[in-house]
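All remarks here apply to the structure that follows.
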Amino acid sequence: MDLHIFWFIALGILLAGYAVLDGFDLGVGILYPLAKTDNEKRLFLNSIGPFWDGNEVWLVTFGGALFAAFPDAYATAFSGFYLPFMMLLWALIFRAVSIEFRSKHDSLVWRGAWDWGFCFASSLATFLFGVAVGNCLRGIPVGDDKEFSGVLADLLNPYAISIGILAITTFAMHGSIFLYLKLEGEVKERIHKWLWHTFGCFVVCYIFCTIYTLVTIPHAIYNFEHHPWLWSIVILNVLAIGNIPRALFLGKPGYAFLSSSATLIAFTALFGVALFPNLITSSLNSEYSLNIYNASSSDKTLHLMKIIAFIGMPFVIAYTLIIYWVFRGKVKLGKFSY
Amino acid sequence: MTEFLATEILARLQFALTIMFHYLFPPLSIGLGLLLVIMEGIFIRTKNPIYEKITKFWVKIYAANFAMGVATGLVMEFQFGTNWATYSRFVGDIFGSALAAEGIFAFFLESGFLAILVFGWDRVSPKIHFLSTIMVALGSLFSAIWIVIANAWMQSPVGFHIIGEGLHRKAVIDDFWTMVFNPSSVRMLVHCVIGCWLMGAFFVMSISSYYILKKRHLEVAKKSFVIALILGFIGSVLAATSGHFLAERVSVTQPAKLAAMEGHYRTGTGGSPLYLFGIPNNKTETVDYGIKIPGGLSFLVHGNFTTPVVALDQFKKEDRPPVGITFQSYHLMIFLGIYMLTLTSFSLFLLKINKLFESKWMMKIFCVSILAPVIANQAGWVATEVGRQPWIVYGLLRTPDGLSKSVKSEQILISIIIFSIIYILLFITYIFVVNNKIKHGPDDLIQKLK
């Protein structure tokens, strides 16, 4: 396979892994206000306790791989989205330490502040991911020098904001199913109600954003016209979404979680198809777009990294499976919990 | 022009701020990680429950430290792209594969097994838990390997060729292993990891000596102290040795940096002196108020007292690093190294004659001596990085040429201000939380157990 296409797909896999895995723990953060008592809050936190850190590594590795495979796209995107990325970093820092520090001290103000920080930072980070995706789909002003030439306001357009909201509803739904799987008793029943609320919000946003994309971003379906088999992703996506309420209705939340994971994977795939072969689409002139050829590292580096990935990824998958297996089952608060 | 200058200063300031704050945590993760392996290893061997208690106590602190390392580390990875976009384009082909390897080989390993290390005590067998501890320690070591390789390449770039011109100039890799084993990487890595061990050792000794002074948790404290003291002593000896070999290599790969570290302005004809103290003066090109060993530098570099060492006068003014900061931070690191070596060897002697834990003075000194490796690690980084200036990639790319073209100085200013606020708050919180844990001590865990 063409090394450039290989790395485009590999980045997609890393991004999909991040969306599926960190998606549910960000979702737990978004839904965190549903936890009423201190005990419930700790249950929420500890449901993601052993996982969130490893989940975030998918993003770190995505960043590293983007840097390595397509340095120009990495440089343009990160310097162009300067303040949004900084805000994302602040949110992720805040979130990490909120989880870690919250239960370490017994005071209402202390815990209240970190609780608020955890929910806000999770929501903000999710929103900013959505905004970034929206802007990539829409295209940003990039000149012939490969540099971003716009201003911050260009990035906060209605389309990107819509995708940001879609991201929040998607992760909230994904997180609610995860919580439903992990919790027991009265709080579980409360989540059950919210499964349907979040699913409803998600479907509304999904339909709205799909129409919005089809109307305003014609180049998003360019690849579909030339490769009709790609429509199968859309069909799978719709089936996966449809299976969520079905599985919930049948009382099989495990399947619902798999379906919402499949939905996130399909979203990432559609995002990739809409972009391909571009990484950053220039809204000024399509010739200025950074694509997998003009923004990439040398074939030698791409080949080296392919070897690294083939050696490393089986280990990564093995660790992930081990961790999820060791910490399977319902959350229990113990002496080592947050 | 002033806008450009401001951007450069601010971007460098932001990098210094974020890396120095970040670099408080990973060295402790690496050093404490090794100590955890030793402590839990003794537990597995001897089945003595006191070592289980010791391990569990230090794991609690390790977890808080690890979270800080992860949170502040994310910033480092993204900052190359946000503030140093042109540099990223230049080095991406080389630097990128090291970063990607770090993510795949190191971060997944440590963050995955950290979950078992911290939360898995009741879920897996002791042996599997021990295995996880080893994996976490290895993971943090691997992350040091890849990032130091990337940095070492910036000090002594090899195994590449340059393509393109002007803004599109970039380095393209010729040989991966030549890049990995560039002249600086092994010596830098060894010295750096030993610095991390010292951090872990002095951290454990600092908290243990506090308990000993307060006469609390004596058994845990004394046993931890002894393990850490041995590591601290071995680390101090190795730090001096590896430091010497690293400086020797720097004299070959970056003679301007070595000259700046030593305040060596004039090459001359005879042996070059070694300054123990002094204030380098760029105007007169001499070291004011200096105490020197004649021929000392020649001896360290060439093994004799007469061959001159290349000095700053061999370099154009615009190619010289800032001498003052490089000289002072380098000397500070060396003095702290000597301090740690003296302290640990004297303490081993006291331990041998059973007087160490009775000496209130020694315990008080150890309480505050955690600052020694913290400052030494930071100073070492400053000497390495400031000494590389005015280059961001030595001899290839000047620092101002690596900046992001599309980022304005006020954007960086805003982000520096917010980073400073967040980091100050975080640091206070971190100290508060760790202090809380120390106050609670290891017995806390046992109480909850019942």
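Including glycine, each Cβ sits where the backbone N, Cα and C put it.
The transmembrane segment annotation in TrEMBL covers B:20-45, B:57-78, B:98-121, B:128-149, B:188-213, B:225-247, B:330-351, B:363-383, B:412-433.
Remote same-chain residues near the transmembrane segment (B:98-121) are listed as 29, 36, 56, 59-60, 62-63, 66, 70, 77, 128-129, 132-133, 135-136, 138-140, 142-143, 145-147, 149-150, 153, 180 (criterion: CB distance under 8 Å, separation of at least six residues from the stretch ends). Among residues of the same chain six or more beyond the transmembrane segment (B:188-213), those with a C-beta under 8 A of the stretch's C-beta atoms are 26-28, 30-35, 58, 61, 141, 144-145, 148-149, 151-152, 155, 220-222, 224-225, 227-229, 231-232, 234-236, 238-239, 242-243, 245-246, 340, 357, 360, 362-364, 366-370, 372-374, 376-377, 380, 384, 438, 441. Among the listed stretches B:225-247, B:363-383, B:412-433, the one sharing the most Cβ pairs under 8 Å with the transmembrane segment (B:57-78) is B:412-433.
Contact between the transmembrane segment (B:20-45) and the transmembrane segment (B:363-383) holds: at least three of their C-beta pairs are under 8 Å, each pair 6 or more apart in sequence. Only residues 6 or more beyond the boundaries of the transmembrane segment (B:363-383), in the same chain, are considered here, and those with a CB under 8 A from a CB of the stretch are 19-20, 23-24, 27, 191-192, 195-196, 198-199, 201-203, 205-206, 208-210, 212-213, 225, 261, 325-326, 329-330, 332-333, 336-337, 339-340, 343, 347, 357.
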